[in-house]
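*Asks:* Dumping the structure here so I can ask a few things about it.
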Amino acid sequence: MVTLRVDEISNIIRERIEQYNREVTIVNTGTVLQVGDGIARIHGLDQVMAGELVEFEEGTVGIALNLESNNVGVVLMGDGLMIQEGSSVKATGRIAQIPVSEAYLGRVINALAKPIDGRGEISASESRLIESPAPGIISRRSVYEPLQTGLIAIDSMIPIGRGQRELIIGDRQTGKTAVATDTILNQKGQNVICLYVAIGQKASSVAQVVTTFQERGAMEYTIVVAETADSPATLQYLAPYTGAALAEYFMYRERHTSIIYDDLSKQAQAYRQMSLLLRRPPGREAYPGDVFYLHSRLLERAAKSSSHLGEGSMTALPIVETQSGDVSAYIPTNVISITDGQIFLSSDLFNAGIRPAINVGISVSRVGSAAQIKAMKQVAGKSKLELAQFAELEAFAQFASDLDKATQNQLARGQRLRELLKQSQSAPLTVEEQILTIYTGANGYLDPLDIGQVKKFLVQLRTHLKTNKPQFQEIISSTKTFTEQAEALLKEAIPEQMELFILQEQT
């Protein structure tokens with residue numbers, strides 16, 4: 001018979017009593033009533049806050065968006081295929097935030113800041129809220145530094161400044177993404193961190209953009225946030241805010257950032273889908289009433305910080321797609337009214353071979369010449385007016401049979417000015433090259449050439465100036481002014497190259 005060792009048993013009981021810790025945890029829970037289409041309705045969760053993250057039994061996370069009297073509408077940040085009716089949900093007490101660090105540079109991530117480029121985890125010690133308040137009036141200063149895009153048409157006539165919000169708007173297939181990606185390529189060596197946010201696009205298109213960046217060495221200073229067309233609507237809706245949070249991290253560390261949202265029409269559609277499924281009342285074009293706030297709270301985060309905050313900046317270039325040039329639709333008018341100007345791309349110009357297909361007439365920059373260096377103002381100040389007059393004259397000339405010599409000369413000059421604004425994709429020009437190009441056209445040096453020869457001559461002229469007159473580039477980059485000395489160098493170089501070019505063409 002086994003003998004009971006009373007002292008041993010009493011010691012074990014005493015130890016257990018000493019180890020007993022009476023802790024009570026209060027968890028705010030609920031039960032899934034209904035799930036489907038990326039939406040779940042939850043009974044319970046009485047203490048949940050609007051925008052709070054909730055966690056389902058099987059691990060999916062959602063955001064509580066609709067707080068109704070008898071249930072809570074939650075949008076799922078995932079497919080939610082394993083969620084079952086009747087399963088429990090708990091409130092986390094947190095709102096959506098992402099890790100942020102320098103290690104994100106050169107990576108492709110999703111809306112939850114998880115890497116999707118197969119290059120391992122990203123280490124980050126800090127985190128930022130996905131939705132944080134925009135800087136106030138005192139925290140900002142007016143825009144005064146240029147953000148060079150490398151595109152003559154933009155930098156000379158629709159200049160963009162650091163901290164500005166400039167909308168790129170146009171029909172599909174008019175080169176909106178090309179303008180944005182060229183701007184990123186042109187930031188090489190400019191100490192600007194770029195973010196490219198792809199919302200609801202084809203995965204192949206995003207891969208193409210990433211490949212271009214890698215080939216041109218732009219990924220060193222770029223972060224790509226991608227939620228493709230097959231992603232849940234919730235993640236497409238969140239992607240721009242994730243990009244903005246990363247850009248803000250660098251902006252508040254006294255750095256310059258530029259962020260491209262490609263495109264906000266798709267984000268609005270994802271938000272419309274979520275809102276209709278949550279049974280929120282539809283408004284114009286079936287969008288919910290707060291779709292303006294959706295974009296305004298995103299774009300207001302772009303700013304030029306005041307000197308107290310280190311003068312960092314965040315420049316936003318949102319893209320919006322129009323249907324057959326209709327700029328008066330709901331989303332285009334909303335975003336136009338939020339931004340500091342727009343670059344309008346026209347399908348007619350694109351099809352006529354004018355690329356980038358920028359309609360200079362209705363494109364504006366509300367920051368204006370404050371975002372240009374003095375040299376560019378001196379050379380390109382009248383370009384927009386001259387082109388507008390040329391377009392008017394060209395329309396009139398179609399009806400007139402015999403034109404006087406002055407009108408013919410003005411038309412010829414205008415055609416050459418329009419020709420020099422054409423540029424190949426992924427071939428951005430430096431400011432010095434742009435100043436040289438505009439000066440050559442505006443002062444009639446291109447008039448003796450045929451229109452077909454203009455591009456070839458300009459390429460040769462840029463090379464000639466770089467090799468034989470390097471002082472020109474030094475003067476512009478050091479003084480930021482088009483001095484008499486710089487003009488004298490051009491007056492020498494252009495006729496020299498013109499003689500060589502004409503001889504070359506004759507042989």
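Residue 1 is the first one shown; counting continues down the chain.
Glycine is no exception: its Cβ is also placed from the backbone N, Cα and C atoms.
Found this in Swiss-Prot, in case it helps:
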BINDING   Gly170, Asp171, Arg172, Gln173, Thr174, Gly175, Lys176, Thr177  ATP binding site
SITE      Ser363  site 'Required for activity'
*Asks:* Counting across all protein chains shown, how many other Cβ atoms sit within 10 Å of the Cβ of Arg172 (ATP binding site)?
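*Replies:* Cβ-Cβ neighbours of Arg172 (ATP binding site) within 10 Å number 12.
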*Asks:* What's the CA to CA span in angstrom from Lys176 (ATP binding site) over to Ser363 (site 'Required for activity')?
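*Replies:* Rounded to a whole number, the Cα-Cα distance is 14 Å.
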*Asks:* What is the interatomic distance between the Cα atoms of Ser363 (site 'Required for activity') and Gly170 (ATP binding site), given in whole Å?
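*Replies:* Pair distance, Cα basis, whole Å: 11 Å.
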*Asks:* What is the Cβ neighbour count of Thr174 (ATP binding site) at a 10 Å cut-off, with all protein chains included?
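*Replies:* Excluding its own Cβ, the number within 10 Å is 27.
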*Asks:* Between the binding-site residues Gly170, Asp171, Gln173, Thr177, whose Cβ has more other Cβ atoms within 10 Å than any of the rest?
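*Replies:* Counting every other Cβ within 10 Å of each candidate, the maximum falls on Gly170.
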*Asks:* Let me check the 10 A CB neighbour count of Ser363 (site 'Required for activity'). How many other CB atoms are there?
*Replies:* 22
*Asks:* Relative to the Cβ position of Gly175 (ATP binding site), how many further Cβ atoms are located within 10 Å?
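*Replies:* Its Cβ has 20 other Cβ atoms within 10 Å.
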*Asks:* When you average the Cβ positions of Gly170, Asp171, Arg172, Gln173, Thr174, Gly175, Lys176, Thr177 for the ATP site, which other residues in that chain have a Cβ within 8 Å of that mean position?
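*Replies:* Leaving out the recorded residues gives Glu321, Leu345, Ser347, Phe350, Ala357.
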*Asks:* Does DSSP give Gly170 (ATP binding site) helix, strand or coil?
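*Replies:* For Gly170 (ATP binding site) - judged by DSSP and reduced to three states - the answer is strand.
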*Asks:* Should Thr177 (ATP binding site) be counted as helix, strand, or coil on the basis of DSSP?
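*Replies:* Helix, per DSSP.
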